[in-house]
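Enquirer: Starting off with a structure, shown below.
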Amino acid sequence: MVRYRLTVEYDGRGYCGWQRQDNGPTIQQSLEEAAFRLCGVATRVHGSGRTDSGVHALGQVAHLDLPRAYGAATVMKALNAHLRPQPIAVIDAAEVAEDFHARFSAEERSYRYRILNRIAPPTLDQGRVWWVARPMEAAIMDEAAQVLVGRHDFSSFRAAECQADSPVKTLSELRVTRVGDEIHVFARARSFLHHQVRNMVGTLALVGDGRWTADRLRAALEACDRSAAGPTAPPDGLYFLRVRFPGETAAPAKAGPLEAAPLGEAPLKEATLKEDWR
């Protein structure tokens with residue numbers, strides 16, 4: 001058997017998440033069906049993260065074992081041919097050692113959440129952003145977000161159905177930046193609790209529109225009680241951005257609709273936004 005590492009991009013709308021299940025189509029199922037059409041053997045595809053229904057990915061990493069060496073380029077082209085016309089694409093493939101595991105070898109995972117912060121609703125990005133019409137201040141959100149960085153009990157930001165053994169996680173980075181009409185929340189950690197990013201975003205949104213203060217956010221964290229924090233942000237705006245493995249460095253952030261602006265740079269100042277808000 002030959003093991004291949006895949007980098008996968010997908011639009012999560014219309015799928016019941018990553019993990020194969022009986023009640024609807026999933027990303028894992030689609031990849032496994034494409035792999036079967038390639039090699040004629042039932043193949044399990046393992047992912048770095050199990051994204052929920054409606055959550056997207058720009059850099060999900062997966063691995064699978066094939067019965068012989070096809071060549072990475074052939075694997076990528078064949079899988080993409082069998083995946084069409086689904087909104088799933090293998091954007092990179094590489095042969096790896098048999099001890100590589102997409103989930104257990106990962107050292108760090110990064111997510112980006114997109115909030116469309118304008119009065120007009122989304123058109124082309126419908127289902128790909130969380131639309132919030134009321135004015136929000138990214139700088140205030142970013143300052144408050146630093147309360148959550150570090151090693152904490154994140155019970156207040158954990159889904160009731162979370163299966164993790166412990167609610168304690170180390171959040172390496174949490175940054176909030178404005179990119180035009182959008183507010184981007186970037187989160188980086190070795191691993192996350194179920195719904196942790198969406199629950200943090202939903203709570204930070206309350207800070208951004210002035211309903212909460214940073215002190216209240218801190219109190220919510222320290223309460224270790226889900227009811228103490230804010231609502232769960234919808235899946236639409238969440239993107240599994242990238243995975244880092246041993247020997248790799250985090251990719252630099254790029255300004256753009258799906259990436260962060262470089263830290264310290266604000267493409268649109270908060271004061272300008274307030275003046276132009278209609």
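Glycine residues also receive a Cβ, built from the backbone N, Cα and C atoms like all the rest.
Note that this is a predicted model, so its numbers are computed, not measured.
The following feature annotations were taken from Swiss-Prot:
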- D52: active site, nucleophile (ACT_SITE)
- Y111: substrate binding site (BINDING)
- 253-264: compositional bias 'Low complexity' (COMPBIAS)
- 267-278: compositional bias 'Basic and acidic residues' (COMPBIAS)
- 253-278: region 'Disordered' (REGION)
Enquirer: Quick one: Cα separation, the residue listed as 'active site, nucleophile' versus Y111 (substrate binding site), in Å?
Expert: 13
Enquirer: Ten-angstrom check, please: count other Cβ atoms within 10 Å of the Cβ of the residue listed as 'substrate binding site', all chains counted.
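Expert: Excluding its own Cβ, the residue listed as 'substrate binding site' sees 25 Cβ atoms within 10 Å.
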Enquirer: Provide the three-state secondary structure of the residue listed as 'substrate binding site' computed with DSSP.
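Expert: The three-state answer is strand.
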